[in-house]
Amino acid sequence: MASAQEKAALCCGGPARDALRAAIAAPGKAVSMSAAGGGGERVVSAAGGGAVMDDIGSAAQPTTAKASSKGIPIMTRAQRFHPLDPLSAAEIAVAVATVRAAGKSPEERDSMRFVEAVLLEPEKNVVALADAYFFPPFQPSLLPRTKGSAVIPSRLPPRRAKLVVYNRHSNETTIWIVELSEVHAATRGGHHRGKVISSEVVPDVQPAMDAMEYAECEATVKNYPPFVEAMKKRGVDDMELVMVDAWCAGYYSDADAPSRRLARPLIFCRTESDSPMENGYARPVEGIHVVVDMQNNIVIEFEDRKFVPLPPPDHLRNYTPGETRGGVDRSDVKPLIINQPEGPSFRINGYFVEWQKWNFRIGFTPKEGLVIYSVAYVDGSRGRRPIAHRLSFVEMVVPYGDPSEPHYRKNAFDAGEDGLGKNAHSLKKGCDCLGYIKYFDAHFTNFTGHVETIENCVCLHEEDHGILWKHQDWRTGLAEVRRSRRLTVSFICTVANYEYGFYWHFYQDGKIEAEVKLTGILSLGALMPGESRKYGTTIAPSLYAPVHQHFFVARMDMAVDCKPNEAHNQVVEVNVKVESAGTNNVHNNAFYAEEKILKSELQAMRDCDPSSARHWIVRNTRAVNRTGQPTGFRLVPGSNCLPFALPEAKFLRRAGFLKHNLWVTPYKSDEKFPGGEFPNQNPRLHEGLATWVKKDRPLEETDIVLWYTFALHADIQHCFFSLQFMILTTEILHL
């Protein structure tokens with residue numbers, strides 16, 4: 001992600017604020033300013049009622065800090081990057097060059113394909129050391145004090161990168177760990193400055209697919225003569241009209257074993273080659289079975305199994321302005337302008353965010369996308385109160401419920417098989433945020449090892465959120481009201497036909513909300529004339545939307561009122577109980593909340609139960625609030641469900657973590673992805689979250705990790721009305 005250390009002078013008073021006001025008073029003009037404190041130069045533009053804050057200068061230079069007022073020495077900052085900052089473009093380039101140079105032969109080096117280059121996150125004590133003494137706001141209280149002066153290292157450990165490399169010649173996947181020395185924006189003379197710490201070949205796995213492979217798969221299929229003939233049978237001679245979406249093969253039998261890198265594409269066909277806004281997903285091609293060997297880019301299976309006519313062309317199915325589809329767009333919606341004339345209430349320093357007593361760090365990975373680190377709330381005299389070490393969405397699974405070919409094979413693991421982060425949008429191309437916006441860029445390696453940047457990938461902004469509190473005194477007639485404001489951090493990605501927006505909201509009343517928005521285009525099937533499908537909804541002539549579900553897994557590494565290396569958390573389940581009839585319930589109206597401590601992993605495999613208002617509390621066993629009760633943070637489920645599938649369903653072999661809504665584990669650094677690190681074509685039953693919990697590790701006074709799975713089941717909640725055609729208006733899930 002872009003930029004390093006900075007100070008958000010735009011939120012402060014003085015010249016910065018005056019410059020912002022000048023910009024708003026003169027829309028369309030840019031005001032250049034330098035942030036106080038050496039945070040780099042940035043441009044503020046105000047047009048159409050909004051403003052954008054971007055870094056355009058270099059990172060702040062390391063500074064020598066003085067002793068604090070409490071006599072605790074703050075050491076010279078030895079690194080430009082905080083230990084949790086995402087890898088910079090220069091660091092990724094160095095890591096790739098280091099791995100390439102370590103190749104044993106020119107053939108091996110040429111065969112390297114770089115699936116992922118990501119920060120190897122340090123241990124929590126390293127993060128605490130950095131936050132205490134090396135990076136503002138300096139927080140020495142994070143580490144225990146010793147007698148006399150605190151002993152502080154002069155440097156933090158070097159940052160490390162983890163690279164997943166696929167060897168196209170040998171079909172092997174290797175995990176490399178590279179130590180990075182101080183990496184600057186440009187390495188002189190092309191020399192890399194990294195050191196290989198380890199390299200390990202991981203047997204019998206296939207890493208995630210890459211966008212370059214998608215394009216290669218499409219070209220391979222469209223150039224395959226039997227496929228060309230099959231399309232001619234359907235009246236299509238122009239291969240430029242054909243869309244081939246490479247889907248991972250999943251695992252259904254030994255034919256899908258990871259000894260081969262496989263794709264089972266879905267086929268669609270547009271009607272006009274010169275219409276970029278045509279919805280090609282409105283014309284699925286049924287009956288053609290294709291399997292592609294992605295290692296060698298060859299078709300290894302092909303069969304034209306069933307002739308189903310292409311759905312008829314219909315301009316109403318396109319996503320273009322209304323007049324081009326025989327209608328008109330709404331003209332009675334008046335402008336709604338979000339204006340913050342004094343700038344935002346948040347402050348930004350690199351990836352560190354402060355807002356309304358909240359503070360946290362922003363991260364980003366190719367697999368998960370947005371990551372929120374070191375979440376804390378500043379609570380008056382109690383100071384900084386930690387809540388969570390790390391929050392992210394670590395997997396999502398989309399199983400389809402139609403047993404017919406090819407839909408029964410559609411059960412995408414969009415994080416593990418594709419990468420939510422690598423498929424993220426540049427919000428320069430369309431942003432759903434309004435107001436004063438801070439954007440963050442994201443950097444990745446592409447398949448060949450070149451660094452790519454998604455500009456304006458993460459959006460941070462404030463939103464008005466209605467009423468926070470209101471009361472009117474009927475005796476005096478006086479009324480008081482407080483409006484609610486929230487800080488939102490978000491990104492949006494596209495995986496084939498679907499768009500997913502991931503949001504973390506922080507509220508003034510101390511609440512955190514996770515939200516997922518689903519939109520985009522439906523994945524459809526074609527029907528024979530007069531046919532209907534039990535396992536889907538007919539939405540247009542010869543078209544139906546198969547039933548399916550969307551599951552999202554949020555991983556929450558909690559630290560409620562715990563300093564680093566403290567493990568004082570436990571998880572309590574709360575159910576509302578109706579009191580039995582008798583002397584304690586003579587009016588038959590009594591009910592109460594019953595608590596149960598989840599003492600081990602097997603006890604903590606839990607499901608939602610709206611009939612008892614079930615929820616869970618992560619509680620600190622050693623901290624109390626002002627009434628003497630243990631402090632805690634409550635997990636409140638939203639709408640949810642479990643998989644609509646029999647236990648023997650093939651996709652559950654890889655997705656056993658979907659069988660319960662809540663799982664709890666003790667923290668372990670290598671337990672990060674519930675389906676294992678490589679779910680693509682994964683034949684193994686004994687991997688991932690459902691296997692880890694079989695150890696039944698204790699959970700009392702532990703470093704707690706919550707895994708919460710929530711779902712949207714399509715057909716009922718997606719509302720596949722004919723009026724919508726193939727366009728999916730936004731559906732929202734909350735945690």
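Every residue gets a Cβ built from N, Cα and C, even glycine.
Just so you know, TrEMBL annotations never went through curation; they're auto-generated.
Packing around D414 (active site, proton acceptor) is summarised by its Cβ count: 24 other Cβ atoms lie within 10 angstroms of its Cβ, all protein chains included. Annotation comment: TrEMBL describes D414 as active site, proton acceptor.
Annotation source TrEMBL lists active site, schiff-base intermediate with substrate at Y498.
According to TrEMBL, the feature domain 'Copper amine oxidase N3-terminal' maps to 207-311.
Taken from TrEMBL, the feature domain 'Copper amine oxidase catalytic' covers 338-713.
Neighbours of Y498 (active site, schiff-base intermediate with substrate), defined as other CB atoms within 10 A of its CB across all chains, total 19. According to TrEMBL, the 2',4',5'-topaquinone annotation covers Y498.
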Could you round the CA separation between Y498 (active site, schiff-base intermediate with substrate) and D414 (active site, proton acceptor) to a whole angstrom and send it over?
10
For the domain 'Copper amine oxidase N3-terminal' (207-311), what's the mean pLDDT in this predicted model?
95
With DSSP as the reference, give the number of residues of the domain 'Copper amine oxidase N3-terminal' (207-311) in helix, strand and coil.
30 helix, 25 strand, 50 coil
